Amino acid sequence: MRIYCRFSPNSVHVFDSVSLCRSSRVSRYWRHVCSEPMLWRALCQLPREFRLCSAEAESSQLRSHTSECGTVRWKDAFSERYRLWRNWHAGRCVVRTFTGHTQGITCVQFDDDRIVSGSSDTTIRIWDLRGSSDVGSKCLLCDLRDFDEFLHTILSYRPDSPSVLDECVEEMFRKLLISFFERNIFQALSIYQNLSKSRPTFFAFLPSPKHSSRNLGTMALNGHSATVRCLDLNGNVLASGSNDFSIKIWNVDVNPRWSSIGCRKTMLGHSNYVRCLQMDHEHLISGSYDMHLKLWSLNTGACVRTLVGHNDAVLCVQYRDLESLAVSGSADNSIKCWDTRTGRPEMTIHNAHDNAVTCVRFDDHRIVSGSVDRMIKMWDVRTGKCMHTIDWKLAEGHTGVVRCLQVDTWRIVSAADDRTIKVWNVDSLQRLCTLHSHEDGVTCVQFSDRQIVSGSYDKTVKLWDFSRF
């Protein structure tokens, strides 16, 4: 990581970010020179570590560091990115735990506002991240089974002391009732929280909701009749696959009324468990224990094409609709690259692992795979040649089945049955940190520039926040 900057017409100096900060202490002139926005802008635009995961994330971060006159505070933007980079390398993060599922977690997805989790208890839960940030905070469960009973309790409430009902409380209480009537559940919960904080005296009179021991802002989606095996969240559209052989498409927009949230389509076609799926643009691809992949239209819910080629259960898939390209991993130990226009495999990596391939990700240059054999391997996406192997014996790798991994431009995040999450440099495959908190095997993981979300057989979902240090 280096930057070449012209400080004067006759000299060129070479600095990395740490040296740039230190040189500002040399003199007032150097401090002035090292405060030039162009230097920090160049550092922000360096490839790899200091670039955020997506163009949307880049734009959002720069907007937060833009003054009213439209000037980007590049030094502040870079400082934030550098802190994140440092925390990821050191494994420094704040961990929040979400409880509510009654059996192990099998899949997770998340965005800035919510976490979505699927479980062997057959439910999908949506955890609202806009609520309380306290670790282990326990509040009202947003579940349709509890909703009407709590509404009845609120309506029948009569305070023993009218003095506690000042005008402010009356207005908040009125909004609370309206929100419940309209089933705008998250607005109602927000008001409920504000009452508890701003009017503790009033809150003492207010009846406690049923199941108040569970986390704030949890919504349970019931529809599958067996284990929910896979999820994919795209905006307010959620796709889920299950051991009941079905795929469901849900609307999870929490801004309109509560009644708008629910299942919009059910797609049937697989003859065994639906193990993996991914949406992209107008299509969804799914993999199943029936050894087939299926391409579906999100508009009609119809199966467009069936991809046949694996000799055992399809356990993982990644899909790019615009490129008509999918990569899948199977219990037959192979990895296949598919042309989804023809339904035929363009490349097959036979015996990619010594056991079932449980997870696979790819980009323009490489395929990264994890397996029951506890290894992570990197492959050339064009030739199928193995470029690197993370061996659990020699490279501080996982000592249990690798259940899930995700990749971006500079890191790999992997989760395994050894109860750990590991972060790796995608180029050198050096282990950056190992995260411990789960009490059983980690089954699923997703990450962004600032956070990791994981699920485990221990029935918990955890949020690992690297931006809090």
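Glycine residues also receive a Cβ, built from the backbone N, Cα and C atoms like all the rest.
According to TrEMBL, the feature domain 'F-box' maps to 16-45. The repeat 'WD' annotation in TrEMBL covers 98-137, 221-253, 267-306, 307-348, 350-389, 395-434, 435-469.
Among the listed stretches 98-137, 221-253, 307-348, 350-389, the one sharing the most Cβ pairs under 8 Å with the repeat 'WD' (395-434) is 350-389. In this chain, the repeat 'WD' (98-137) touches the repeat 'WD' (435-469); three or more CB pairs sit within less than 8 A of each other, excluding pairs fewer than 6 residues apart. A Cβ distance under 8 Å defines the sequence-distant neighbours of the repeat 'WD' (350-389), meaning residues of its chain 6+ beyond its ends; these are 312-313, 315-318, 327-335, 337, 395, 397-407, 412, 414, 416, 424, 426, 429.
If you take every residue in the repeat 'WD' (395-434) and average the pLDDT, you get 94. In terms of DSSP helix, strand and coil, the repeat 'WD' (98-137) has 0 helix, 18 strand, 22 coil.
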